[in-house]
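K.L.:
Residues annotated as region 'VTT domain' in Swiss-Prot, with similarity to another entry given as evidence: 139-250. Sequence annotations record features per position, and here Swiss-Prot assigns topological domain 'Lumenal' to 1-71, 135-143, 249-262 based on sequence analysis. Here Swiss-Prot flags 93-113, 165-227, 284-307 as topological domain 'Cytoplasmic', drawing on sequence analysis. According to Swiss-Prot, the feature transmembrane segment maps to 72-92, 114-134, 144-164, 228-248, 263-283.
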């Protein structure tokens, strides 16, 4: 009897040690992730180096965890992007001239607005891509104008509503799978469930998630109404002027022969991209904070149940 009790106590102790060790390891990684920079007096340069190394390790680990065919696809895409960048650097003048010629031709066609509208409408459905490129192309054709904004706004709003409706009613199971594709999508879903308002949806639409996938993922969140989603889409249309601005600066870059004007156009494009990235990053980190909070809450609940 005593031997049985000692064995049971020993096994329970081992389990408790394992559990404490597991939690300790998890807490260690949480500290390393969130509090490392606050624990040590690092300079700005050291902080930047640390962040770059940590991001590189995460990226490499994520890449190595992919199946072989996905790794090959990633390498192929990176190679294609590198070749495209080199071609753009070498033949940038002729490419810009060709782009300007095509944009002027498109502007003269009466049916060009319908082409842009339909293309933007259809890329709203996951897993299609090309939204940013199409909006920037509209800026090349129409510049920063009400006409250009109206075309891409109608395509964006109506396309997103259509994709949301289809995935909410017909492809609901696929929409729920989209949420589970990424931890950040799950955090997004949690935020929407807690705060079902068009303001929150509008803010989350500015996060750096793929445009079409976000339409499908939001449709998988219970309680989100088409009304609130539609209002949120309308509220986020002013940001589309940024794409038009970038497209118009690209066109000016090809048309201008002045070095000062070209420099101004390049700086304007960089500023616009930085502004978009900064806004998206702020909202992204807010979403990440929410995700970490949920993780801590789940861990506390798990500890309570095991206790």
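Note that Cβ sites are derived from N, Cα and C of the backbone, with glycine treated the same way.
The structure displayed is predicted, hence computed values, not measured ones.
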K.L.:
Return the stretch with the most CB pairs under 8 A relative to the transmembrane segment (144-164), choosing among 72-92, 114-134, 228-248.
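P.N.:
By Cβ pairs under 8 Å, 114-134 leads among 72-92, 114-134, 228-248.
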K.L.:
Under an 8 Å Cβ to Cβ limit, what residues of the same chain, 6 or more beyond the ends of the topological domain 'Cytoplasmic' (93-113), are close to it?
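P.N.:
For the topological domain 'Cytoplasmic' (93-113), the sequence-distant neighbours (Cβ-Cβ under 8 Å, at least 6 residues beyond its ends) are 87, 137, 140-142, 147, 151, 250-251, 253-255.
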K.L.:
For the topological domain 'Cytoplasmic' (93-113), DSSP counts of helix, strand and coil?
P.N.:
18 helix, 0 strand, 3 coil
K.L.:
As a quick check of your reading of DSSP, tell me how many residues in the topological domain 'Lumenal' (135-143) are helical, how many are strand and how many are coil.
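P.N.:
Its residues fall into 8 helix, 0 strand, 1 coil.
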